[in-house]
Amino acid sequence: MPLPFLGLILVLPALAVILLLFVVPLAASVAGAFEVGGGFGFGNFVKTFELYTLDIVFTLVIVALSTAIIGALAIAIGGYLTLGENPRAVALLRWLYRWPMFIPFIVVGQVLRTFLAKNGLMNNVLIGAGLIDPLQAASFLDWRGIVIAFVWKQTPFVALLVAGAMASVDRGTLEAARNLGASRVRILVEILVPQVAGTLMVALVLSFVTMMSVLSVPLMINAQSPTMITADIAFRINAYGDYGVANALGLVSLVLSAGVAVLYLRHSVRERA
Amino acid sequence: MSIEASPAVHAGPGLDLWWIPRGIVLGLIAFVIFGPLANLLLWTVAERWYFPHALPLDYGFSYWARVFAPRGNAMEALANSLTVAGLTVVVSLLLAVPAGYALARLRLPFRALILVAFLIPQAFPNLPVYVNVARLFYQLGLNGTVPGVVLVHVTHGLVYAVWIATAAFSAVDAELEEAARSIGAGALRAFMDVTLPLAAPGLLASAIFVFLESLDEFTGSYFVGAPDVNMLPLLLYTAGAGGNYQVASITALLLLVPSIGFMLVVERFLKSDVLSKVGR
């Protein structure tokens, strides 16, 4: 059997699962977004933008902000792990940063709901340290809570991939730059980050789309308005059984996610060509 | 994270003033990471705790007794979660090992597109999809069954399974397999005896990824599993929504233990040579 066919046969079962259990229902949901009564139309979208424009903007701002913070922190962590000159500090950081990585989102939601609450440990420590007085204690359970939850959970994942890629960059180049007098910040920005840009992009795209589809965190941390699209979809279905508007909202978040995925796809296809 | 200046600034042998900023930054990171976890632990043993009290008023294990009572639904949820996660790993690896090998080694048309196809379940909002999956499964009699939930989790976890398996096979030197072939081993024999054992740590890592992803999964379980297949995330959510932070925190702790255990050993399985090939 010629090799391309053997390869396709080996890949086919896995692809079929994706096709039948994700692409087909996804298509059904896209079609459902245009279903009004018995026919097709844009009624669901009119209603969606009437009711949820603020939430759509809110979602995009929260996820974009979280992605930017995650990227910056991951570069900083990866950079320190690669370029740090104090072995003990590097080892400590390596041990520290990964803790939240595999903690489920639903657990992150519960953990931070208690931590960021008015009588949570964060406010208690700030009060105990004399930084704020008890009357100033405020709950962070709004958009800030969602951003904190996303950054808390996703940074280690991106940092792990980035640090792994940085570790495989040729040490000789780094040492040569160091010997020529380049500062470590400059080495990080001008040598390491460009070399790991591909991995960083993959990790950030994965994080972006993951955050776009998380239902548990917005439900647990900030269920009041404005909230994220995912919480609105669940509400539309649970409260009204309104699949039309739910699917239209789904299509909106799909378009936002796809925009980012297409950016990555163009980048990687160009790289492989 | 600040990058310190050159070692020339050191105050002298044995005394390193750079430990002051380092200590502050590392201490802050430690607080940000362990503070929330400590808060969770407090809630698991708090009998009564409300604003404005900084610490619980009473401590005790009565909620633990309630969660682990033989008739409590936590044990059932735990058993269901472990069964579903285990089956998800088996099915995912059966699909991902051949696919990963093909993507890493064989000439494939549209390879980049195929690789990205596995990202689709992560790249699009799951919620409307799961609603439609639930409708489909209902017609097939799969809704509210363990196989139904496993299929949903497999779809979601395949990106990790396939991408990491592909990276793991790419990291194995192709010449070793060719050497085995040239001394007379068949294609399958060379794969089973040479490539598969060398890729095993990476595959194990992908298995654990899929396992944890399945334990974590909430949205699909909610629409396809609930209320017939009760699982830990669903129990956590209902307890938390009902204001029972103790039961929610104990359930959260049960989900935390395997996750943190894996975090502590992940680099033993996922070496940087594999990591640097993820997504390529």
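Glycine residues also receive a Cβ, built from the backbone N, Cα and C atoms like all the rest.
These numbers come from a predicted model, not from an experiment.
Look at TrEMBL and you will find A:56-264 tagged as domain 'ABC transmembrane type-1'.
Outside the transmembrane segment (A:56-83), and at least 6 residues removed from its termini, the chain residues within Cβ reach (under 8 Å) are 49, 89-90, 93-94, 97, 143, 146-147, 150-151, 154-155, 158-159, 162-163, 165-167, 169, 174, 184, 187-188, 192-193, 196, 200, 203-204, 207-208, 211-212, 226-229, 252-253, 256. Among the features that TrEMBL reports, transmembrane segment is placed at A:56-83 (among others).
Per TrEMBL, the feature transmembrane segment maps to A:95-116 (among others). Sequence-distant neighbours of the transmembrane segment (A:95-116) (same chain, 6+ residues past either end, Cβ-Cβ under 8 Å): 77, 122, 139-141, 145, 148-149, 152-153, 155-157, 159-160, 214, 216-217, 219-221.
Per TrEMBL, the feature transmembrane segment maps to A:143-166 (among others).
Sequence-remote contacts of a segment are chain residues at least 6 beyond its ends whose Cβ falls under 8 Å from one of its Cβ atoms, and for the transmembrane segment (A:187-209) they are 63, 66-67, 70-71, 74-75, 78-79, 82-83, 154, 157-158, 161-162, 164-166, 169, 173-174, 177-178, 257, 260-261, 263-264, 267-268, 271. Residues annotated as transmembrane segment in TrEMBL: A:187-209 (among others).
Long-range Cβ contacts of the transmembrane segment (A:245-265) within its own chain (Cβ-Cβ under 8 Å, at least 6 residues beyond either end) map to 26, 29-30, 32-33, 35, 44-45, 47-48, 51-52, 56, 59-60, 63, 201-202, 205, 208-209, 212-213, 229-230, 232-233, 236-237. Sequence annotations record features per position, and here TrEMBL assigns transmembrane segment to A:245-265 (among others).
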